[in-house]
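Now, the feature entries from Swiss-Prot:
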type     : residues : note
CARBOHYD : N6       : N-linked glycosylation site
CARBOHYD : N29      : N-linked glycosylation site
TOPO_DOM : 70-123   : topological domain 'Cytoplasmic'
TRANSMEM : 49-69    : transmembrane segment
Amino acid sequence: MATLANLTQTLEDAFKKIFITYMDSWRRNTTAEEQALQARVDAENFYYVILYLMVMIGMFSFIVVAILVSTVKSKRREHSQHPYHQYIVEDWQEKYKSQILHLEDSKATIHENMGATGFTVSP
C-alpha cells in the first residue's frame, strides 16, 4: 500500500509539473516585441480614456457656463434703461396709478343694442 500511495503521489506531482510547465510556457509564449507592444497599447488606451473624459467634462462645462452667462445677460438687459423696457414699465405703472386714484369715479355703464329685435327687456 505504501508503494501505491507513493506511486499516486509521484504521478500527481508529475502531472502537476507537466501541466504547470505547459501552461506557463503557453502564457509566456510571446516575444519581447509583442509584450512591449501590448504594454504600449494598454497605456495608450488608458490615457485616451482620461483625455476623452477631460474633453467631455470641458464641453459640458462650457455649455453650462454659456447658458448661465446668457441668462444673466438677458436678465440684466430686462432691467436696463432701454427705451422699449422703459415704455412698458412707465405705461403699466401709469395705468394702475390712474385706476387706483380714480376708483370712486368708476361707474357701471349699460349699452343697449336698439337694433336687436325679438328680445324684450323685462322691467
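Note that Cβ sites are derived from N, Cα and C of the backbone, with glycine treated the same way.
Shown in sequence order, the list is empty: the chain has no residue 6+ apart in sequence with a C-beta less than 8 angstroms from the C-beta of N6 (N-linked glycosylation site).
Restricting the average to the topological domain 'Cytoplasmic' (70-123) gives a pLDDT of 68.
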